[in-house]
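Step one of this worksheet: look at the structure below.
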Amino acid sequence: MKLCAVIIASLLVCVAVASSSDNQKEFAQEKEMTREETQSLGEHEKDDEVTGSEERSCIEEWKTCENDCECCGMSTLCAASWVDGHEIKLCRNEGGKLKKVLHFIQKSVSKIRSCKK
């Protein structure tokens, strides 16, 4: 009985290893670039060299923007606000999930404290 379990387990390991190597080969083939793609990549690098002298900057928080890409920081978004009947887009730091969780905990604790009084 134990021998049968060992044989089945070893066969399952062999199948798992074989299937993972096939998946790695498929992934490697998908990642290979064609000649046209590498030529266009080379042209793009030449364009970057030409425009490399231009300074690239980002918009700081609470200044006007058009796209999320223009704002500084990973968690900064270009969010729309309505002021005096017209829309203004400003860069705002959303802070990510951790900040939202901590804010939720802080609100919960303050509500519990206010209920105790």
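If you go along the chain as it appears here, the first residue is 1 and each next one adds 1.
From the backbone N, Cα and C atoms, a Cβ is placed for every residue, glycine too.
Marked as compositional bias 'Basic and acidic residues' by Swiss-Prot: 23-55.
In this structure, Cys58 (disulfide bond) belongs to neither helix nor strand by DSSP; it is coil. Here Swiss-Prot flags Cys58-Cys72 (among others) as disulfide bond.
Cβ neighbours of Cys78 (disulfide bond) (same chain, under 8 Å, six or more residues apart in sequence): Cys65, Glu66, Asn67, Asp68, Glu70, Cys71, Lys89, Leu90, Cys91, Arg92. Cys78 (disulfide bond) falls within a strand segment according to DSSP. Sequence annotations record features per position, and here Swiss-Prot assigns disulfide bond to Cys65-Cys78 (among others).
In the three-state DSSP scheme, Cys69 (disulfide bond) is classed as helix. Sequence-distant contacts of Cys69 (disulfide bond), defined as residues of its own chain at least six apart whose C-beta falls under 8 angstroms from its C-beta, are absent. Positions annotated as disulfide bond by Swiss-Prot, on the basis of a curator's inference: Cys69-Cys115 (among others).
Look at Swiss-Prot and you will find Cys71-Cys91 (among others) tagged as disulfide bond, backed by a curator's inference. Cys71 (disulfide bond) has a Cβ environment of 24 other Cβ atoms inside 10 Å.
Here Swiss-Prot flags 20-55 as region 'Disordered'.
Positions annotated as signal peptide by Swiss-Prot: 1-20.
In this structure, the disulfide-bonded residues Cys58, Cys115 were compared by how many other Cβ atoms lie within 10 Å of their Cβ, and the smallest count belongs to Cys115.
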